[in-house]
Ligand code: LLP
């Protein structure tokens, strides 16, 4: 995992500065010093929608989706092939997002019936959807087949029969990919390559030829090719290249029996959460992967297949910021001096990544600029848990205080999608900003929403068992 909390960042020259690699493209401060995203200022957003608030810059999502499609397509064309890019919906899925990415020419990768429902509700072309999951239910498989999804990704031997039966029942020929475990595991600066990777996804590469043949025995299945996903928050092409080389050796064996049209190398492209994160530009990564694919195909005497990718975080992550209101500020003595705990009105229920992965984030004052010197802060949430940290270590102007708005950068991916109702905190709304306009794309929850699902409450007379 990149951007882990192990390092305290150096004090910034200016704690008001908005590093362009971390904040949504175009984010700036207005004349009053307020943070402006998508042409809308943070104070106006907080007044209209309250805090905590997820803000997503629509133009940035659309631009990134287009940029990724173009980068992979250009790299693939250079080696005589084509590329398909699927947006990995697990990063953040709503019907608005599906429309933005599909209008940019991307397909969508879903991995549950719920994600499928959102993509279909948005009007996505089912033939441009991929359906993943290591334990799809029989019902989910049937729904995906009936909906006409472009490909189901078979994740285990057992699923071959399940998908074949569902397709036969529906009178369809279902396109499938076979997810393999390439033995490559990558994150940020390095990748690990072993004979086997000890995790739940995919089938061992050593069984791919046999299982590919099994898929081909079914008239109701059409084998598209191999799939693998090697990790998350990866900053360069090396791990993808290693994995592609391993896969192409097996792909070539399968291709000798009958043409294998495609190779899907998954997602995992990294973003900058802090200034310390330096992901290579996607064009360079795409070129590095394409070169490795071309060389491996030549070595194995096989045509270059169509390439497919599934970026999630890298499409939506940099487009999002979360706004919070500061409630309390507390200096706490530490072994090295003082740490300022800045407590905000959200926390691990809207961003669990810090608690779950030790992820690092960047925080800035959003409602004003300040000339006060920088102080080392830890942004904590409001939950009853000491691990409820949003930003483990960053710097804010020393005069940060109650009522200030703060913004946390790069929260567009895996924050809303991993949100919870811990401590019965309603999940915040998501607001899209564009050209100075803001609109809700996911309504926030209310306490009434939470109570509505409590079966102990009788709508007519209040809480069950409570005397009227
Ligand atoms: N394709 C497959 C098959 C995947 O399993 C994933 C992510 C992706 C694509 C998209 O990966 P991305 O480009 O977004 O890195 N909750 C974690 C990340 C889990 C990723 C799971 N699979 C986090 O917040 O860092």
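Counting starts with 1 at the first residue shown.
The backbone N, Cα and C atoms fix where each Cβ goes, and this holds for glycine too.
According to TrEMBL, the feature active site, proton donor maps to 384. Sequence-distant contacts (6 or more apart, same chain, Cβ under 8 Å) of residue 384 (active site, proton donor) comprise 423.
Long-range Cβ neighbours of residue 414 (pyridoxal 5'-phosphate binding site) (same chain, at least 6 residues apart, Cβ-Cβ under 8 Å): 90, 91, 92, 313, 317, 353. Per TrEMBL, the feature pyridoxal 5'-phosphate binding site maps to 268, 310, 311, 312, 313, 414.
Residues or ranges marked as substrate binding site by TrEMBL: 313, 353, 357, 385, 414. Residue 353 (substrate binding site) carries a helical DSSP state (H, G or I).
Predicted-model confidence for the domain 'Orn/DAP/Arg decarboxylase 2 C-terminal' (55-412) is 97, expressed as mean pLDDT. Feature annotation from TrEMBL assigns domain 'Orn/DAP/Arg decarboxylase 2 C-terminal' to 55-412.
The domain 'Orn/DAP/Arg decarboxylase 2 N-terminal' annotation in TrEMBL covers 63-316.
Feature annotation from TrEMBL assigns N6-(pyridoxal phosphate)lysine to 90. Every protein chain considered, the tally of other Cβ atoms within 10 Å of the Cβ of residue 90 (N6-(pyridoxal phosphate)lysine) stands at 20.
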Here are some binding-site residues: 310, 385. Which one has the most Cβ atoms within 10 Å of its Cβ? 310
Anything from the recorded positions 310, 311, 313, 384 with its Cβ under 6 A from ligand 1? List those in sequence order. 310, 311, 313
Roughly how wide, in whole Å, is the group 268, 310, 311, 312, 313, 414 that binds pyridoxal 5'-phosphate, by largest Cα to Cα distance? 15
Quick check: in three-state DSSP terms, what is residue 90 (N6-(pyridoxal phosphate)lysine)? helix
Going by Cα-Cα distance, pick out whichever of the binding-site residues 268, 310, 311, 312 is nearest to residue 357 (substrate binding site). 268
